[in-house]
Amino acid sequence: MYLTSQKLLYSDMIFVTDLGVRQRRLEGEEYLSIVDEFMEAVHARWPKAIVQFEDFQMKWAFETLKRYRERFCMFNDDIQGTAGVALAGLLGAVRSQGRPLSDFLKQKIVVVGAGSLFYVILFCLVGSAGLGVLSMAVQAVSRMSGASGTASNSQFFLIDKNGLVTTERSNLDPAAVPFAKNPRDVEGLTEGASLIEVVKKVKPHVLLGLSGVGGVFDVEVLKAMRESVSTKPAIFAMSNPTVNAECTAIEAFSHAGENIVFASGSPFDNVDLGNGEVGHVNQANNMYLFPGIGLGALLSGARHITDEMLRAAAECLASYMKDEEVQKGILYPSIDCIRNVTAEVGAAVIGAAVAENQAEGHGDVGLKELENMSKEDAVEYVRGNMWYPEYCPLVHEK
C-alpha cells in the first residue's frame with residue numbers, strides 16, 4: 001500500500017527502518033544548521049575522517065558540496081562518484097572505437113537529464129549527477145587539450161524535461177549556463193527541441209541518460225542512433241532502479257543495432273545476439289570508485305578531496321581495461337576484480353593528492369614516504385590497508 005508522507009508521519013504502522021523522530025523534514029537554514037552541526041562534530045571527534053554524502057535531495061546536493069568541500073575532507077558520491085564512473089565510461093567509449101583518448105575532444109554527446117535546482121523530486125539525484133558528469137568531462141577535455149587549455153562545451157547537448165537547453169531559455173539554471181546552446185550555432189535546432197529532433201540532427205557519438213524517466217530512449221530514438229557518426233555508438237542508460245532506466249539492454253541492442261556500446265545504472269543481463277555473439281552490459285556502478293577515493297584520501301592524509309583527485313580516479317578506472325576487452329564493448333571490470341580496482345584507484349588518488357600538495361601523510365607513512373612511492377608501491381600501500389572481513393575468502397597478507 002502506498003502512503004503519502006503526510007499519512008506516514010502519523011501512521012501507527014511500524015517500519016523496520018523507522019528509526020528517526022516523527023517530525024516534518026527541516027528546510028532552509030534550519031536544515032543547513034543541523035548538517036553544519038553534524039559535520040563540525042564529526043570533524044572535532046575524528047579530524048581525519050572522510051565524509052561521503054549519499055542520497056541527498058538535489059536542492060541540497062550541490063549546496064552542501066559547495067558548502068563543505070573546502071572546509072572538510074568530503075565528497076558527494078551522487079555528484080562526483082557518478083560523474084567519475086560516467087567519465088570513465090565516456091573515455092572507454094572512445095577506446096572502443098579504436099581511437100586515442102584525445103579523440104574524446106571530438107565526441108558529440110547528448111545528455112538527457114541535465115538537471116535544475118527547480119526540478120521535481122523525480123529528477124533530484126539524477127539531475128545533480130548530470131551536471132556533475134558534464135563538469136568533470138569538460139575539465140578532462142581541458143586537461144587533455146594540453147598547452148592551450150581551452151575546453152569547448154560545443155560537443156555537449158543538454159536535454160531536460162523542456163527539451164534542448166539553449167541561451168534563449170528564461171530562468172536558466174546558473175549551473176547549466178556554460179552548456180546552454182546558442183541557437184545560431186546549432187542550425188535546425190531551436191530552444192526546447194525534442195530528444196528525437198536533437199538525435200536526428202546531431203547524430204551523436206554518445207547518448208547519455210541521467211533523467212530518471214523510464215523508457216525515454218524509445219524505439220524511435222534508439223533507431224535514430226543507427227545514424228550516429230560513430231563507428232560504435234554508445235548508449236548509457238544510467239538511471240536506476242530498473243523501472244527508471246531510459247531503456248533496457250535488449251531494447252538498445254534490438255533497435256540501435258548490435259554494434260553499440262551499452263552501459264546502465266541498473267543491472268541487466270548480457271544480450272544474446274545470436275551466432276555466439278554477446279551484447280555486453282556495463283553496469284556503471286559507483287562502487288568502482290568511491291572505496292578507492294575514500295581510501296586514497298585517508299591514506300594520503302588529504303586535507304580535501306579535489307577535482308584533480310577525482311579525475312585521477314576516473315581516468316584510472318578508464319584505463320584499467322585492456323584494449324581488446326574495450327573493443328568488445330566491455331568498459332568496466334568484473335566485480336571479481338573490485339579489490340584490485342580499489343587499490344589502483346586509491347593509488348591514483350594518493351598520487352594526485354601529493355601532486356596538489358593536499359597530502360599530509362597517514363600514521364607511520366609521512367609525506368616524504370608518499371612522495372617517494374612508485375605507482376606499484378602506492379598500490380600495495382592501499383592494498384595493505386584494506387579491511388578483509390573474516391568471511392572473505394581472500395587472505396590478508398601483511
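Heads up, the Cβ atoms here are built off N, Cα and C, so glycines get one too.
As recorded in TrEMBL:
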BINDING   E54, D55, D78  divalent metal cation binding site
DOMAIN    79-354  domain 'Malic enzyme NAD-binding'
TRANSMEM  109-134  transmembrane segment
BINDING   N240, N285  (S)-malate binding site
* Report, in whole Å, the straight Cα-to-Cα distance of D78 (divalent metal cation binding site) from N285 ((S)-malate binding site). => 11
* Among the binding-site residues E54, D55, D78, point out the residue whose Cβ has the most other Cβ atoms within 10 Å, with all shown protein chains included in the count. => D78
* Asked: What's the CA-CA gap between E54 (divalent metal cation binding site) and N240 ((S)-malate binding site) in angstrom, rounded?
  -> 15
* To do: Looking only at C-alpha atoms, tell me how far D55 (divalent metal cation binding site) is from N240 ((S)-malate binding site), rounded to the nearest Å.
  => 13
* Asked: Taking the domain 'Malic enzyme NAD-binding' (79-354) alone, what is its mean pLDDT?
  -> 85
* To do: Round to a whole number and give the Cα-to-Cα distance in Å for the pair D78 (divalent metal cation binding site) and N240 ((S)-malate binding site).
  => 12
